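What follows is a set of notes on a single structure, which appears directly below.
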Amino acid sequence: MAGLLKKIFESGKKDVKYLERKADEIIALADETAALSDDALREKTVEFKERVQKGETLDDLLVEAFAVAREGAKRALGLYPFKVQLMGGIVLHEGNIAEMKTGEGKTLTATLPVYLNALSGEGVHVVTVNEYLAHRDAEEMGVLYNFLGLSVGLNLNALSSTEKREAYACDITYSTNNELGFDYLRDNMVVYKEEMVQRPLSFAVIDEVDSILVDEARTPLIISGEAEKSTILYVRANTFVRTLTEEKDYTVDIKTKSVQLTEEGMTKGENYFDVENLFDLENTVILHHIAQALKANYTMSLDVDYVAQDDEVLIVDQFTGRIMKGRRFSEGLHQALEAKEGVTIQNESKTMATITFQNYFRMYKKLAGMTGTAKTEEEEFRDIYNMRVIEIPTNKVIIRDDRPDLIFTTINAKFDAVVEDIAERNAKGQPVLVGTVAIETSELISSKLKRKGIKHDVLNAKQHEREADIIKHAGERGAVTIATNMAGRGTDIKLGEGTIEAGGLAVIGTERHESRRIDNQLRGRSGRQGDPGVTQFYLSMEDELMRRFGSDNMKSMMERFGMAEDAIQSKMVSRAVESAQRRVEGNNFDSRKQVLQYDDVLRQQREVIYKQRYEVINAENSLREIIEQMIQRTVNYIVSSNASSREPEEDWNLQGIIDYVDANLLPEGTVTLEDIQNRSSEDIQNLILDKIKVAYDEKETLLPPEEFNEFEKVVLLRVVDTKWVDHIDAMDHLRDGIHLRAYGQIDPLREYQSEGFEMFEAMVSSIDEDVARYIMKAEIRQNLEREQVAKGEAINPAEGKPEAKRQPVRKDQHIGRNDPCPCGSGKKYKNCHGKEA
C-alpha cells in the first residue's frame with residue numbers, strides 16, 4: 001500500500017514538473033508576443049489555422065497558441081493568466097481533468113485550450129451546469145475569442161433549430177450539458193439532414209466536471225412522447241379480426257407464428273376501416289394494428305404464451321414456464337393481447353430517445369474537465385472516461401484554518417451551537433457561509449437566526465441569477481449566507497473591505513455530506529488566493545450519515561463521559577466519519593457503473609440505428625442496394641422457415657411461402673405453387689428474388705429518379721423510427737422489470753444483455769419485413785413528404801364524395817384490384833364492382 005501511494009505521489013510530482021517546464025516555454029514568448037500589434041496578434045489565428053490545414057498538429061502549436069491567447073486575455077479582458085493557469089490549460093488540452101482550487105481562475109484557464117482546439121475548425125464545446133453560467137461565460141470570455149478572430153455561439157434551451165444550428169457552427173459554443181444531450185437525441189429523430197443542429201462531436205471542456213460526470217451520471221436524458229392514443233384502434237382491430245375465417249380471410253404459418261391476410265381478407269379490412277388501400281403509406285397505422293390483432297388472436301394462447309391476471313397481461317417464459325415480470329411484448333403486440341383479453345390497455349407515455357451523460361460525453365473525440373474537487377473520484381474518471389485527475393498547485397499558499405469536526409450527541413444541541421457561532425462571528429463583522437445538506441435544515445437555521453435578529457440570505461439552488469448575485473456579496477462585512485448543497489458554484493466569493501482583519505470568510509458545515517467531495521467544495525469557498533479563512537463542521541450523533549454507520553457505541557461513550565450536551569473535537573471521530581463517507585462513495589460509484597453497464601447495451605444498439613438513419617438521410621442516390629438486402633433477408637427467412645434444406649421435402653410448407661409472397665411482396669399469382677415445386681430451397685429463394693427484381697424495376701419507372709429516391713427514404717425512415725421507438729420502450733420495460741425476477745442464480749445484467757440482444761435482432765428482422773412490404777406493395781404517389789413518426793393517428797371515416805355517373809361494366813376486360821372501376825364511380829375496382837366479381 002505504501003509503495004502504491006509513493007508511486008501515485010511521485011507520478012503527481014512528475015506531472016507538475018512537466019507542466020512547469022511547458023509553462024516556462026510559453027512564458028518565454030511573452031515579450032515577443034507583447035510586441036505584436038492587435039492586428040498582428042489576430043493574424044496569428046489565421047496563420048495557426050493554415051498551419052493546421054497543412055498538417056501541423058495542435059500539440060505542435062501549443063506553446064505559440066497559448067502565448068497568443070495569454071497576451072489576448074491581457075488586452076481584451078485585462079487579465080493575464082498566471083503560470084499555474086497555463087499548467088491547467090495544458091492538462092485540459094491533453095484531455096484530462098485539472099483540479100484547481102476555488103478562486104484560481106478556472107474560467108480564464110479554459111480559454112487557452114479552447115482557443116488552441118478551435119483552430120482545428122471542428123468546433124469546441126464549453127459545458128456549464130446551468131444557463132446562467134453559460135450565458136455569463138460566453139459573454140465575458142467571448143470578448144477575448146472575438147478579439148482573436150474566433151466566433152462564439154451560445155446554445156440555450158429557448159432557441160429555434162436555426163439559431164441552434166448557428167450556435168453550433170461557431171468555433172466555440174457555450175452550452176449546458178442537458179441541452180447538448182437533448183440536441184444530440186433530437187438530431188437523431190429528424191427526417192431531413194438540414195434539420196440537424198450539431199456537428200460531429202470533437203472537443204468538450206466541462207466546467208464543474210465532477211458535478212456533470214459524477215453527480216448527474218445516474219440521470220438519463222429522456223425524450224418521451226405521448227403514448228399512442230390508439231386504444232380504440234386496438235379494440236377495433238381486435239373486433240375486426242374476430243370476424244375473419246381461417247383459410248378464406250387469413251392463413252396461419254405455425255412454424256413462423258405469422259398470420260397473413262388473403263386478398264379477400266384485405267378487401268374485408270378495407271371495407272371495415274373504410275379505406276381504399278390498406279397498403280397505402282397513409283394507412284400503415286391501421287395495417288400495423290390489424291397485423292398485431294391477427295397475431296394476438298391466432299398465434300398466441302392464453303396460459304401458454306401469457307397469462308391475464310389482476311387486470312394485466314403477463315408474459316410466460318417459454319423455457320421455464322415462469323412469469324416474466326416487467327417484460328412487455330413490443331410493437332403493440334402487448335396492447336393487442338390486452339384488447340383480446342378485455343383488460344385495461346396500457347398506454348403510458350413512451351420513451352422515444354434516451355442517453356446517459358456518461359455515454360453522451362464518451363462520444364467526443366477528446367474530453368477535458370476542471371473542478372476544485374475531483375481527486376476523491378479519480379478512479380471513476382479513469383475507469384469510465386479514461387481521464388486522469390491532475391492537481392494544479394495554487395498560485396498563492398493556502399492559509400485557511402480547517403478545524404477538526406465538532407460532534408454533539410443531539411441534533412438540537414448542534415443547531416444551537418451553530419447559531420451561537422454565527423452570532424459571535426457576525427458581531428465582529430466576519431462574513432459567514434453556512435452549508436446545509438437539505439432545504440429543511442436551511443429553513444430551520446434561518447428561523448433561528450430570525451429569532452436572534454440576524455440578517456441573512458438563503459440559497460436553495462432555485463434562481464441561478466439571484467444566487468450568483470447573493471454569492472457575490474457573501475464575502476462582505478457582516479454577511480450571513482445559508483446555502484443548500486453548495487448552491488452558487490461557479491461564482492467566486494470575494495472578500496469585502498475590512499473582512500480580512502475579521503478573519504476572512506468563515507465556512508460552517510451543519511453536517512457532513514455523504515460525499516467528501518461536496519464537503520471539500522464547501523471548504524474551498526474560503527481562503528481563495530491566499531486569503532485568510534476558517535472552516536468548521538458541526539456534527540451530531542443523530543445525523544443521517546452517523547446513523548447509517550453505527551454511531552451507537554460513540555453515542556454511549558459520549559454519554560458515559562458526561563458529554564450529553566457538550567461537543568467533543570476528536571480526530572478519531574473525524575476519521576470514522578471519513579471512512580463512512582468512503583463506503584458511501586464506493587456504493588455510489590458501483591451504482592453509477594451499473595447504470596453505465598445497462599446503458600451500454602442500449603448504446604451499441606443506438607449506434608447501429610443512428611448510423612443507419614444518418615446514411616439514409618444523407619444518401620444522394622437510390623437506396624435500392626440497402627433495400628434489396630432487406631428484401632433478401634426477408635425472403636431467406638420465409639423460405640428457410642417453410643422449406644429448410646435441413647428438413648425432408650415432404651415436411652415443407654410451400655403454400656406458406658406463396659401466401660406470404662402474395663400478401664407482402666408481389667401481386668397475387670406472380671409466383672405459383674407449380675413454380676416452386678420440385679426445386680431446392682436455394683432455387684426457390686432465387687426465383688422469388690428474380691421476380692421481385694423485375695417488379696422493383698417496374699416500380700422505379702413510375703416516378704422520376706429523385707422522387708423515387710424520396711419514396712425509398714420515406715419508407716425506410718418511417719419504418720426504422722416506428723420500430724426503434726417501440727424497441728426503446730420495450731427495453732425500458734425490460735430494464736424496470738428485470739430485477740423483479742428473483743428466481744435461481746440469475747444475473748440481472750446478463751439477462752438484460754441477452755434478452756435485449758434478442759429483442760434487437762427481432763426488431764431488425766421486423767424492420768426488414770416492413771420495409772420489404774411497403775416498398776413492394778405500397779401505392780406510389782408523388783409529392784410524398786417525410787414526417788416524424790406520429791403515433792396513433794385518428795381513423796376518420798371517408799368524407800362523402802359526390803356520386804359520379806356510373807357506366808356499364810364490361811366483364812371481359814382484365815382489371816387490376818387497384819385500377820379505377822370502369823363504371824366511373826371514381827372508386828378503385830376492388831371497392832366497387834370488384835366485390836361482386
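Just so it is clear, glycine is given a Cβ too, placed from its N, Cα and C backbone atoms.
Database features (Swiss-Prot):
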BINDING   Gln85, Gly103, Glu104, Gly105, Lys106, Thr107, Asp492  ATP binding site
REGION    791-837  region 'Disordered'
COMPBIAS  800-817  compositional bias 'Basic and acidic residues'
BINDING   Cys821, Cys823, Cys832, His833  Zn(2+) binding site
COMPBIAS  827-837  compositional bias 'Basic residues'
Item to check | Gly105 (ATP binding site) in three-state DSSP notation | outcome: coil
Next on the checklist: Out of Glu104, Asp492, which of these binding-site residues shows the lowest number of other CB atoms within 10 Å of its CB?
Outcome noted: Asp492
Item to check | Chain-internal residues near Lys106 (ATP binding site), provided their CB is under 8 angstroms and they sit 6+ positions away | outcome: Gly88, Ala98, Met100, Asp207, Met370, Thr371, Gly372
Next on the checklist: So, three-state DSSP: helix, strand or coil for Gln85 (ATP binding site)?
Outcome noted: helix
Next on the checklist: Given a 10 Å Cβ-Cβ cut-off, pick out the one of the binding-site residues Gly103, Gly105 that has the most other Cβ atoms nearby.
Outcome noted: Gly103
Next on the checklist: Can you tell me how many other Cβ atoms are located within 10 Å of the Cβ belonging to Thr107 (ATP binding site)?
Outcome noted: 18
Item to check | CB within-chain contacts under 8 A for Gln85 (ATP binding site), separation at least 6 | outcome: Glu104, Gly105, Leu108, Thr109, Leu112, Asn395
Item to check | For Asp492 (ATP binding site), the three-state class that DSSP assigns | outcome: coil
